[in-house]
Every structure is written in C-alpha cells, then in structure tokens.
C-alpha cells in the first residue's frame, strides 16, 4: 500500500477513502454467501443438541440454505453489509496510509512495524465504533431462519434497525462492540500490516512488480494470518450479537459458556468459510483498491493537464 515508486503521484486521502469503500462493497457483494455460511456455522450448536445440527462444511451450509430457505437467504443482510463497508472499510483501509504517515512524520526512514501497528489500531478502533450498528443488523439478519414455522424477528434491514432500537434500546445497536473491537483491531493490524510487509518484501526484493500478481499473493497471505488470529474473537462476537436479551450477561460470560459447553474448538467454528471469505474478500478488495487508486490519480492528472 505504501510501496509506490517515486515517479507515481501519491493518491490523496479522499481517493484512498473512496477507493477503499468501493472496493470493499464490491468484495462484499461477491463473497457475501460465504459470510452468511460462516455466521450460521458459528451459531450452530448454541443451545442445541447434536441431533439438531444441520450444517456441515462450507458447501454443505450454502447448499442447505439454498434448498431449505431459498437462494435470496444467502444474501440476507447484504444492504446492512454494504452500509457497513461504506462506514467501516472506507475508514479503516482508506485512512491507514495517512495515519501511518502521521506517526512517521519527520522521519526519512520507512515506517516501522510499531508505526504500522499503531495506524491499524487507530483506524480499526474508530471504524468499529462508527460502523457497529450495521454489524449488529447484518449478523441478526444472517442468523435468523425461516424454517419450522419460526416467525423471523425482522422483515428487512431498516425494520431491524427500528425494532432493535425500540424494543431493546438504542444502545443495543452497539451490542458486541467490545468483541468486535478486539476482532477488528486484530484483523486491521494483521491484515493491513501483513499485506503491507508482504507487498514491500516482494517489490523491494524484485520478486514481483507492484502489480496485480503481487497484490493477489499479498492479499492471500494476509487473509490466512488474519483468519487464524481473529477467529476466536469473531465467533464470540457473532454469538453475543445474535443472543437474546439476558442470554449472556457479558462478553466473558459468552466466551466461558462456549468453552464449558462446546470446548475450545468452538472458538474456531466456521474457520474454513471464514478463511475462504476473508481470503477471497482480501484478493478482490486489495486488487480493486490498488487499481482504483491508480486509475483515479491518472484521471486526475489528465484533467489537470487539460486545464
């Protein structure tokens, strides 16, 4: 993200934020069924016996959902997901370079690992607080099932916002902020820092040019590292956000209940769809993000030259 040649015009902060938001929305649209499968696998086993477990594996979950609830169910919560990327990814990714440059200001040497981690912590934390209501609605819509005559809690995205705010409280829209903050701090730092370091190593050692293959490989490596480290916090976040009022007194209580009833492997439920989703999301997002920045700056240069 920062390893551009000196001959290139550096993208402005506005270009970075816009490019990150557009790229993240496109990645979300393409990978959303994997995210829905991940959520269903993560909440599976919660208050259920083994005989009621219906989902087995990524493809099995997607197939079961499509057959029993219809193909549109795979995209339930997508509007909230798009809203989340606009308010969340555009900030955590789009502001990363700018904040990193701020921490490195006055220094001629490349950004240190501490500078990169600090930038990831700051942009991730701010983005989580702003985008948390969209995360709550997205998870609730993805988790609700229409089977066995169960009346869905919500009929749509804006209906979910209204019902949550009026029947539970406005603060419920920020439910699960703590585990989501932990998850996204891990994700933001691991994802952006790993991508940044991997891309820098490939380009600086002349293994690959700063182009699509380099961006693709860097995104895949970042996706695996991020999924592995963030999985426990991701599962706890999903369980806590989807829980009924009073089901879990606190986030630690949710984690302890999972551990005692389901064992340590519960914290890695949905790992495969989570990795497939995050890896593919990373590839689409980072490749589109890099290309959008370049094309927008080229367009800007062309306009400047003609005026």
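The backbone N, Cα and C atoms fix where each Cβ goes, and this holds for glycine too.
Per Swiss-Prot, the features are:
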type     : residues : note
REPEAT   : 11-102   : repeat 'Solcar 1'
REPEAT   : 111-201  : repeat 'Solcar 2'
TOPO_DOM : 1-10     : topological domain 'Mitochondrial intermembrane'
TOPO_DOM : 33-73    : topological domain 'Mitochondrial matrix'
TOPO_DOM : 97-116   : topological domain 'Mitochondrial intermembrane'
TOPO_DOM : 134-178  : topological domain 'Mitochondrial matrix'
TOPO_DOM : 196-212  : topological domain 'Mitochondrial intermembrane'
TOPO_DOM : 233-266  : topological domain 'Mitochondrial matrix'
TOPO_DOM : 290-307  : topological domain 'Mitochondrial intermembrane'
TRANSMEM : 11-32    : transmembrane segment
TRANSMEM : 74-96    : transmembrane segment
TRANSMEM : 117-133  : transmembrane segment
TRANSMEM : 179-195  : transmembrane segment
TRANSMEM : 213-232  : transmembrane segment
TRANSMEM : 267-289  : transmembrane segment
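Within the chain, the topological domain 'Mitochondrial matrix' (233-266) has long-range Cβ neighbours (under 8 A, six or more residues past its boundaries) at 39, 42-43, 45-46, 135-136, 139-140, 143, 168, 175-176, 178-180, 182-183, 186, 274. For the topological domain 'Mitochondrial matrix' (33-73), the list of distant contacts is 81, 139, 142-143, 145-147, 234-235, 238-239, 242, 262, 266, 269-270, 272-274, 276-277, 280: same-chain residues at least six beyond its ends, Cβ to Cβ under 8 Å.
Each residue of the topological domain 'Mitochondrial matrix' (33-73) gets a DSSP state, and the totals for helix, strand and coil are 29 helix, 0 strand, 12 coil. Summarised as a single figure, the pLDDT of the topological domain 'Mitochondrial matrix' (233-266) averages 89. Under DSSP, residues within the topological domain 'Mitochondrial intermembrane' (97-116) fall into helix, strand and coil as 11 helix, 0 strand, 9 coil.
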